[in-house]
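Structure first, then comments.
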Ligand code: F6P
């Protein structure tokens, strides 16, 4: 039964109508002017918690906007929905499950019931299992078939069984334990397998087959390729258990693959793939940074969980980020949202948040199956600064679309080189400043005149130099990227996505849209390899199948 029995349609709520009216007052709104008029704007629209400082003053908002957005969240029953999330209510209605990633970061002694059973002892038992495994690896006690210590760990997994662990292990490279390198194999593309295998030696490599379902095509194909490679390199079936372990909720399938039952770490159906890095799916993280740092990561996320549950909405980081997204997506027509990390170690955060947000909120029906009447999840995109400044920022500044952006930047670098960090930070700030301020026609003209250009030339060039400005952004600043701060940062976005799903009335925890492609993939494959008769349902697909088969004939 749906956890949301009465289909709340946010677009018919008084809060929505009030926001629509309020939006009309923004015709002549200038962020630049509001900063000039209100010296308190930065203090008013910023907050500091969980090791993160959020400046959201460069937004198209007033105090009243925030009040109205908070009222909308209240009307949507957000407080009750947050309580249901943490209590383990079956909020993933289409699959009849809770979404309990928050249980994975709770301390020993807490109790979380799923179907009347407290899951916390099992959560901590698995953490202990991870600790032992990581301890053996780092202590040099986990050895390969030739008794050499393991030097390389390859995580084979895709989607949530890849993006979160990769983000975190690479973001926390300064915390990496010496002697063990972490690699990721996700795509079914043989080239990625080939390039990685060329760097490895079978006798010192441990593969983690990371798949909640143990049924994902890409992962199974890569796992089979890894096993064949291991055997071809001199490994034996008898010693396979030293080189292949798994994380899965499908233990029989992992065992059938050849992995020893005691080497299959469990996953639970109450953890969604894109929310699973806190579980044993995070094993490659722990193998890279050690178990105590992994626990720090969990405690950072736990702090954000507490903040999310207890802070009033107008001072609640995930709630504020979510409401700003609603404001732009539903009242300003924004269709995408840029994530711009100004830090090499955080370079994969855009990819992780892309899956987190788009797979969660890329939905068009509400929990009860009725259609949504407004735009839902935006396209999430972006990449590392300053590289983006020399690529797509042009469109952010002068394109026709309104694209809100989140800048994420640490104050200090682990690797100071001359004054690079000062320049990196300055670039980050100047980008959000330029987006907000823009450049007026009068300023553009004055600038050209100051360069000594004649008036015809000034008039010809000035329109090209006008930057509209008034483009919104948030800036998230932290000291240095640490396990705790990163845990809080990732949890912040998890909760942001959840809040938006509650307001739209959609289910953030299923992903049925992914399934159709998987199903069709099987029939296309059988036609490609000639094991199925008949033609594809459409001329385009059949034409492309014929093209492929024509090239593979000789
Ligand atoms: O892409 C769909 C998806 O189900 C993701 O949600 C999930 O993270 C990924 O596939 C991998 O699934 P599994 O861990 O079961 O292999």
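Counting starts with 1 at the first residue shown.
Glycine is no exception: its Cβ is also placed from the backbone N, Cα and C atoms.
Keep in mind that what you see is a predicted model, and the values were worked out from it rather than measured.
Noted in TrEMBL for the protein shown:
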ACT_SITE  359  active site, proton donor
ACT_SITE  390  active site
ACT_SITE  518  active site
For residue 518 (active site), the three-state class that DSSP assigns: helix
Residue pair residue 359 (active site, proton donor), residue 518 (active site) - Cα distance, angstrom, rounded: 15
Most Cβ neighbours inside 10 Å, all chains, among the active-site residues 359, 518: 359
Distant-in-sequence Cβ neighbours of residue 390 (active site), under 8 Å, six or more positions away: none
